[in-house]
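Chemist: Per Swiss-Prot, active site, nucleophile is recorded for Cys81, and the stated evidence type is sequence analysis. Swiss-Prot lists His180, Glu182 with the feature active site, charge relay system. The L-glutamine binding site annotation in Swiss-Prot covers Gly49, Glu50, Ser51, Arg110, Ile139, Arg140 and rests on sequence analysis.
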Amino acid sequence: MTAPVIGVLALQGDVREHTAALAAAGADARPVRRPKELETVDGLVIPGGESTTISRLVDLFELREPIDKRIADGMPVYGSCAGMIMLASEVLDGRSDQRGFAGIEMTVRRNAFGRQIASFEAPVSMAGIDGDPLHVLFIRAPWVERVGRGVEVLGTVAEGPAAGRIVAVRQGNLLATSFHPELTDDRRLHAYFADLVRAAI
């Protein structure tokens, strides 16, 4: 089986952790900081961090147009936490100068969990991932308040004060989660994305 080449946007966030998780899931993972590096990958991960900072750095490194074009051409992209915000068509509580890629028709609320219950761990059952629920970390995370037509809800918080909140979605080749799977030893979500990329090659 051919290993898909998956880039990790290496401007901020858990780049090393995502790279290691993708490699463990059978992908050829590499950092992406320049348009030329983006040209070499079959899929892209946008890691967590601070979404307004990522937005500025994407412009500074001249990656906005190339990423927009690759998304339009069908390249699979996975965004975690701030990466989810970068993929959303609408962001609540964001900054006015903040710009994402608007690939997924959804409304997300920035730092939604942060104001109420800060960082926490929770089980999330995800459609398409077999076995026990994923036990994942939320770090001042967003949640999804609305999804458009064609957006599949993959996971919600199972229990606690945020029970029922949407935290994982997919639209076509675009995947987004509120949480950080790279900070656990469970590689099933990265394997799911690697399979998505493999199918798109």
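From the backbone N, Cα and C atoms, a Cβ is placed for every residue, glycine too.
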Chemist: Within 10 Å of Glu50 (L-glutamine binding site) by C-alpha distance: pick out those among the active-site residues Cys81, His180, Glu182, and say none if nothing qualifies.
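Modeler: Matched active-site residues: Cys81, sequence order.
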Chemist: Identify, among the recorded positions Cys81, Ile139, the residue whose Cβ has the fewest other Cβ atoms within 10 Å in this structure.
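Modeler: So among Cys81, Ile139, the recorded positions given, the one with the fewest Cβ atoms within 10 Å is Ile139.
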Chemist: Given the L-glutamine site residues Gly49, Glu50, Ser51, Arg110, Ile139, Arg140, which other residues of that chain have a Cβ within 8 Å of the mean position of their Cβ atoms, reported in sequence order?
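Modeler: The answer, listed by sequence position, is Gly48, Cys81, Ala82, Ile85, Asn111, Ala141, Pro142.
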Chemist: Express the distance between the Cα positions of Glu182 (active site, charge relay system) and Cys81 (active site, nucleophile) as a whole number of Å.
Modeler: 11
Chemist: Can you see whether DSSP assigns His180 (active site, charge relay system) to helix, strand or coil?
Modeler: strand
Chemist: For the L-glutamine binding site, please report the maximum Cα-Cα distance among Gly49, Glu50, Ser51, Arg110, Ile139, Arg140 in Å.
Modeler: 13
